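Student: I have a structure I would like to understand better, so I am pasting it below and will then ask my questions one at a time.
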Amino acid sequence: MPLRRITAKLLKTRASVSFFRTRPLVTQVSDKESERHSTKQTHFGYQTVDEEEKWKKVHEVFETVAEKYDLMNDAMSFGIHRLWKDIFMARLAPTHGTKLLDMAGGTGDITFRYINYLKNLNPPPEDKKSSVTVCDINQAMLDVGKVRAEKQGYTWDRCGVSVEWVCGDAEQLQLPDDTFTAYTIAFGIRNCTHVDRVLEEAYRVLAPGGRFMCLEFSHIPNDALQWVYDQYSFQVIPVLGQLIAGQWRPYQYLVESIRQFPNQEKFKSMIEDAGFRQVTYENLTFGTCAIHSGFKI
Ligand SMILES: C[S@@+](CC[C@H](N)C(=O)[O-])C[C@H]1O[C@@H](n2cnc3c(N)ncnc32)[C@H](O)[C@@H]1O
């Protein structure tokens with residue numbers, strides 16, 4: 001059956017998919033936290049929504065996809081996201097004694113790479129204990145991550161790295177100033193309502209000399225390639241979402257949110273505006289995504 005007909009068929013049935021069902025509202029978010037969200041307008045993919053609504057919708061997206069998140073990542077990217085994440089960790093090149101904050105850490109992909117990277121170094125000296133705090137706004141994603149960590153041996157007693165799982169908002173962290181030596185955020189910042197607040201918080205919690213690193217979908221600086229990529233993104237990814245995860249809308253949001261995110265240069269300026277120095281970026285796979293890096297000096 002041609003792709004267009006499959007798409008049309010799925011569209012007809014999508015009213016019944018669970019994204020549109022009335023769900024119990026975000027459980028782990030306190031009233032106090034939601035109060036701070038104003039009624040200013042922002043983007044949720046291509047929709048214009050109140051900031052508070054976006055926050056709830058993003059939360060709902062990841063709550064909905066948590067169980068199938070890893071499978072879908074492989075399907076959508078043909079496994080390439082694994083290579084991007086490997087490169088990201090190779091660029092960070094952590095050493096023993098690193099205190100990492102893996103923001104929007106979700107189901108743990110970056111954290112597990114960090115631990116593997118450290119395991120492949122020489123054994124750590126006694127006084128160089130490494131740690132990672134995996135922080136995410138969504139408990140459902142963290143729960144999947146914790147189960148994976150248990151199964152795969154990424155726990156303190158089995159890997160020698162202290163691993164803490166924390167539910168929190170990247171825009172308003174309940175973490176002290178000047179604490180971490182590295183901050184990573186992979187495919188997370190695009191989902192945040194106020195990217196500038198995320199960057200300010202990253203700057204605040206990093207210790208002087210600490211490094212900020214972001215892996216995020218970006219923009220392909222070639223119109224022909226961008227067109228091909230757009231066809232794939234808009235025609236295929238939501239269909240895969242429906243077929244594999246039984247969810248259309250979260251994957252439609254995914255592709256729209258990628259187009260809304262600032263391009264490489266603009267995002268670089270935003271990181272500089274937050275106070276970071278020596279800000280650079282590197283394109284991966286023609287600019288499909290980019291690694292941005294900066295230092296708190
Ligand atoms: C696409 S997943 C990325 C997960 C993981 N870093 C990876 O690369 O596989 C995006 C994550 O960002 C989280 N997120 C969205 N908004 C957030 C916020 N304001 N603060 C913290 N995490 C947030 C979501 O809950 C989700 O787990």
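Counting starts with 1 at the first residue shown.
Each Cβ is built from the backbone N, Cα and C atoms, and glycine gets one as well.
If you look up TrEMBL, you'll see Thr107, Asp136, Asp169, Ala170 marked as S-adenosyl-L-methionine binding site.
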Student: DSSP three-state call for Ala170 (S-adenosyl-L-methionine binding site): helix, strand or coil?
Tutor: coil
Student: List the same-chain residues at least 6 positions away in sequence whose Cβ sits under 8 Å from the Cβ of Asp136 (S-adenosyl-L-methionine binding site), in sequence order, or say none.
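Tutor: Met103, Ala104, Gly105, Gly106, Leu142, Gly145, Val166, Cys167, Gly168, Gly188 - these are the non-local Cβ neighbours of Asp136 (S-adenosyl-L-methionine binding site), listed in sequence order.
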Student: Can you check what DSSP calls Asp136 (S-adenosyl-L-methionine binding site), collapsed to helix, strand or coil?
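Tutor: Going by the DSSP assignment, Asp136 (S-adenosyl-L-methionine binding site) falls within a strand, counted as strand.
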Student: Suppose we draw a 10 Å sphere around the Cβ of Asp169 (S-adenosyl-L-methionine binding site). How many other Cβ atoms does it contain, all chains included?
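Tutor: Asp169 (S-adenosyl-L-methionine binding site): 22 neighbouring Cβ atoms within 10 Å.
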